[in-house]
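What follows is a single structure, written as structure tokens, with notes after it.
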């Protein structure tokens, strides 16, 4: 699909669960569209539903009701391993806490999704090396997470998220655990990757500076989009 055309369409999305005898609404009748290549920030207080929305759009959780369409296809209609295959081919994820495996090197951490996808070891290693160079860590390939700074760990996590060449990158508070200077460098990196790779970015953040630099800011409160 060409850049600028509607890629993700969310209609009347609801998510709730039962706690004791009470129903808790996490998301209430959310509607939104995201264009291919768009950079969207989602902001709001803790508990507003930001991360729940990201998890459902990313196919990590299912809605109680409503539709999530990618290029007009309802991803939750995919059967068997179809949703997993779609997610692995199309989506990448970065989280506040990088979730790198501490016993693996930076190179091995980035290789891992490719190996799980049954790439040859040589192909996975080549792709991981290229991505780590792209994020500025060409001299840190053999370092383990404990030997890297917080910003370097997050760069490894970003490289790992991109190893399958996703179209959409979801990031949940990617700078939330970093100081202001390191946060700025991660923002610049995401912006550069957006341009060079044509990524669609969906970023959950409390960082007002990061949000202001994106194409659109979506405000959430009490499970609803408020602006």
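Each residue, glycine too, has its Cβ placed from N, Cα and C.
For 8-226, the entry in Swiss-Prot reads domain 'ABC transporter'. The feature ATP binding site is assigned by Swiss-Prot to 44, 45, 46, 47, 48, 49, 50, 51.
Positions of the features from Swiss-Prot, shown on the structure.
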residue: 44; record: ATP binding site; CB count, 10 Å: 22
residue: 45; record: ATP binding site; CB count, 10 Å: 11
residue: 46; record: ATP binding site; CB count, 10 Å: 7
residue: 47; record: ATP binding site; CB count, 10 Å: 13
residue: 48; record: ATP binding site; CB count, 10 Å: 22
residue: 49; record: ATP binding site; CB count, 10 Å: 24
residue: 50; record: ATP binding site; CB count, 10 Å: 26
residue: 51; record: ATP binding site; CB count, 10 Å: 20
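Under DSSP, residue 50 (ATP binding site) is assigned to a helix (H, G or I) in the three-state scheme.
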